[in-house]
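A quick write-up on the structure given underneath.
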Amino acid sequence: MSAVSSASTMRRVSLRNLAAHKIRLVLTVLAVVLGTAFIAGSLMFTSSLQKTFDTLTESTTKGIDVVVSAPQSGSALPLDLADDLAEVPGVEKVNLSDQTTVVVAVDKDGEDGTPQTLQTGGAPAFVMAWYDPDDAVGPETGIVDGRSPRGPDEVAVNSTAAEEHDLAVGQKLTVVDPSGSHRVEVSGIYDIDIDGGGFLGLMMDESAYVDTFTDGSTGREFSLAATPGTSPDALATQVGDSLAADHPELGDVDVKTGEQVADEQAAQIDQALSFVNYFLIAFGLIALVVGTFIIANTFSMIVAQRMREFALLRSLGVASRQLTVSVVFEAVVVGVIGSLLGVLAGVGLTHAIYAVIGATGAGLPNTGVSVTFGSVLLPLVLGVIVTVVSAWAPARRAGSVRPVEAMRTGDQSSSSPLRGRTIVGVVLFLAGVAAAAAGVLLSGADTGPRATLVGVGALGVVLGTFLLSPALSIPVVRAIGGIIGAPFGQVGRLAATNSGRNPRRTATTAFALTLGVALVACIGMLGASMKASISGFVGDSVQSDYVLSGPSNGSFPVPQSALDAARDTDGVEAAAGYGFLPVTVGGFSGGTGVAEGDPTVSGGLVQVEGDLSLDTPGVIADAEVAADEGWSVGDELPLTVRMPDGPEREIGEVTLQGTYEPNELFGQHMVSWSALEPLASQFGGGASANLFGVFVTGDGSVDADTLRDRLEEATADQIVVQVLTPEEYAGEQAVLIDQMLNVLYALLALAVIVAVLGIINTLALNVIERRQEIGMLRAVGTLRGQVRRMITLEAVQISLYGALVGVVVGLGLGWAFLEVLAGEGLTETAVPWGQVVGMVVASGVVGVVAAAWPAVKASRVKPLEAIAD
């Protein structure tokens, strides 16, 4: 037989074998489909978003030739600069293009009679200046209903938002910005070229916008249109030269063409989406990694069941290499089918993501699913590679068995010794533990290297656990089987014996679940500890009667007017706000905490030296920071802002008035707003301290409930303000952590689903392999119900074993990471015991569900036919 005809014959044998075992093929393919679908969907989703946002960024700068903006994020330009820009040769029109982020409520009577906040689902809501079409710079805008806004009490609304939120001309709105709330009326509805993505854009007459939403003297950005015949590049050069000559005090003002701004925005979006892409792909890879154990286990069982077939082929002259290639070819077919179906499922997954986001009201633009070459090729290649690599060991085993030896029935792999594998597993496990322990114990080193050591140790522990698992499963599964099988008598004992017959198979099947549970346990422990740490330091730092807080997601500050209202409320002794601004004190990088009022009202500051009240312009600092920097009470410290790609620029000095014990909430230092307010135009601070909390202490004249009622009434028109106890405030800070954990758990659920498919697959193949045995049991009087019970108990034992090992590994690694991160603020270690117990119980349920079909299949085996096989 020629090599060509031999290869062709073996391919036909492989294809016919796959066609003859369709159920087995489907279950194996599903493991590949789930992983590749997630990767393909991730790539298509981010590609679609990127395409949409690229289109939108080009649209937002349409009609804008040059953009002039302040040189420092948070800094500002004088408004009268617009007149000077209009005089630059080549400039036809100048617009103030600032956008003020707001929260909007409409006067629709809710159940409690209060205005209803308009939810944009994450899309921006903003106010900007309105210009008549002849004077406007930028995308084409026109009134389609009503008229343009006039004065500080009127706004125009974009048509898409008006339709989405059922807004009409004459509607009354409450608009809240960081300075306070404003009552306005919708005067008109406008169309704009870029009206998509769910944003809510309010337009107010230019002079009214300046008076209402700026400090009256500064702005952030101006958009310029060039005269006919003037190129944007030439105009940008002309404007830059003019500003350098006439306004050197402004420093390096940012002057760019509209095209450059669009390119920068697109690059920022690409960077943000690349993180999302990598994040989602990581979970797809986790599912594929879990799938490798299932694929390997499936092919191992298939090879074991086909030993007679392979022996016959060998006796007919088929070479060992040909058998190996034949099994690999089957793996390639499975990989290609699964990956192609995964890519198709990825398209559906992308549509599903958009549908879910749309159902939540999120403003996500959608111009259709973008299927790129990369989004098809990468999951296809990964799926095939993972499948072939997983099937390689069983394929080699198929080609290496001698024909006479393979004539025996049963699974030859079951009797293979575990000693070598166990020794390697112990070495890897101990090496991983040692690396993780080194990361924990090197407390003097930086967090990065320590975390890397723990990460390397985690890899060693996981690999070691996988190799150790067969040996470990023998006593553990026997113990689990003895406990859960005891109420079922002989059937329970038989199930426990069956689970221990092939420890390799049991361990490999369970390890898919182990990996998923370990990740959930580790992440759950980190999340619980983060929440406990936040509750701890907020509880230590906040001991006032109440806290006025913004939205729980931190998307909007507490309006300045809420602080004023709290101070004017009967029964309030003192109220102080705490915020954050982009200035630097004494050379520290990052921003600075800002106190408006006496910060000791919070009740959590412990004085070390000097005065902490900040009743005069000044700064207070962490005592340890002050000691390290050599600061003393009374020292004058520089206030600076950092220029882009350049040095810091000093804008003033501030006096160190006192020091306090280290405090996680208030950080390294706090500057009084009275010291920063006169300098606000130099860093864009505007008219408020950008408060994220207001601490309120009562004077004792009323009880706590009455004080809360009065505060809620006083701040009712602010719509974004919540009146919280310190305990409730601490709970609100944990909301974002809960949201993050829910997303992670939802993504990790994919790995658990793959693991469940693996258990189903293993049990189904096990039933086929044990057909004669089950037939014999039926022949000696075992009832169908008892067979179903036996298979179900076996599945539960495998699931519980995988979950218990996963919990131990996950909690151990979670503890190691927490010890390393203790210096970053994670001072508490918490174990979510309820979640841990829930996972173990759920794993038992998973076993019952996974066993449902195989158990029914086993109970329907006909005794005489099975014995005769």
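Quick reminder: no glycine exception, Cβ is built from N, Cα and C everywhere.
As recorded in TrEMBL, the features of this protein are as follows:
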type     : residues : note
DOMAIN   : 26-239   : domain 'MacB-like periplasmic core'
DOMAIN   : 282-399  : domain 'ABC3 transporter permease C-terminal'
DOMAIN   : 506-713  : domain 'MacB-like periplasmic core'
DOMAIN   : 746-863  : domain 'ABC3 transporter permease C-terminal'
TRANSMEM : 25-45    : transmembrane segment
TRANSMEM : 278-304  : transmembrane segment
TRANSMEM : 325-357  : transmembrane segment
TRANSMEM : 369-393  : transmembrane segment
TRANSMEM : 423-445  : transmembrane segment
TRANSMEM : 451-468  : transmembrane segment
TRANSMEM : 510-530  : transmembrane segment
TRANSMEM : 743-768  : transmembrane segment
TRANSMEM : 798-818  : transmembrane segment
TRANSMEM : 830-853  : transmembrane segment
Most CB pairs under 8 Å with the domain 'MacB-like periplasmic core' (26-239): which of 282-399, 506-713, 746-863? 282-399
Top partner of the transmembrane segment (423-445) among 278-304, 325-357, 798-818 - counted as Cβ pairs under 8 Å: 798-818
So, does the transmembrane segment (830-853) come close enough to the transmembrane segment (743-768) to give 3+ Cβ pairs below 8 Å, pairs being at least 6 apart in sequence? yes
Which stretch, 325-357, 369-393, 798-818, 830-853, tops the Cβ pairs under 8 Å count with the transmembrane segment (278-304)? 369-393
Over the span of the domain 'ABC3 transporter permease C-terminal' (746-863), count residues by DSSP class, listing helix, strand and coil in order. 102 helix, 0 strand, 16 coil
Could you tell me what the rest of the chain brings near the transmembrane segment (798-818), counting residues at least six beyond its ends with Cβ under 8 Å? 436-437, 439-440, 451, 454, 457-458, 461-462, 465, 469, 472-473, 476-477, 480, 484, 499, 506, 509-526, 529, 755, 759, 762, 826, 829, 831, 836, 839-840, 842-844, 846-847, 850
The transmembrane segment (369-393): which same-chain residues, six or more beyond its ends, come within Cβ distance under 8 Å? 32, 35-37, 39-40, 43-44, 47-48, 50-51, 284-285, 288, 291-293, 295-296, 299-300, 327-328, 330-332, 334-336, 338-340, 342-343, 346-347, 350-351
Just to be sure I understand, if DSSP states are collapsed into helix, strand and coil, how many residues of the domain 'ABC3 transporter permease C-terminal' (282-399) fall in each? 100 helix, 0 strand, 18 coil
